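Residues annotated as transmembrane segment in TrEMBL: 12-37, 43-64, 85-106, 118-136, 148-168.
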């Protein structure tokens, strides 16, 4: 990631697309290595998908948080902007929605008997499947159709995660540190000790 004065809004927006790709790649890797047995199990598939959607949101939150911290530094030309925080996720939603419309179009044009008839359509189908992989368990992909709630999620979740992450960054709120502080309590001498001990 670029630092300081080299950072631009355009760079931040395009970097968020890379973040989505990373989140999808992590989901695919975990399914391939550790959870492949659950892929065709109805209940487990949905549970795994929910976990990966949370992970996906975590990726978006983390990088929006980093960009907010960069924007708050005095030597950068960028200034903090909460609307931009939401835009960092909106660019992901817009890209996903565009791919979804293309996916539906190729199925309408080239789908025959439940299968696609040319390599271009197959490639589009594969790209959409990879891009939206964290949602695989709830999408119910079939001949150009997916569930309405998966569409609602991949539209709403990225802007929400990005906005929350960006806002937390502008307030210098670090989630891990907050959890760490919560897990410690002070003893009689004022020193911290692990809660419950």
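Note: Cβ is positioned from N, Cα and C throughout, glycine not excepted.
Bear in mind that TrEMBL entries carry predicted annotations, made automatically and left uncurated.
If one looks beyond the transmembrane segment (12-37) by at least 6 residues along the same chain, the residues whose Cβ comes under 8 Å of a Cβ in the stretch are 1, 48, 52, 55-56, 59-60, 63-64, 67, 84, 87-89, 91-92, 95-96, 130-134, 136, 158, 162. Residues 20-21, 23-24, 27-28, 31, 45, 49, 52-53, 55-56, 95-96, 99-100, 102-103, 106-107, 109-111, 150, 153-154 of the same chain lie 6 or more positions beyond the ends of the transmembrane segment (118-136) yet place their CB under 8 Å from a CB of it.
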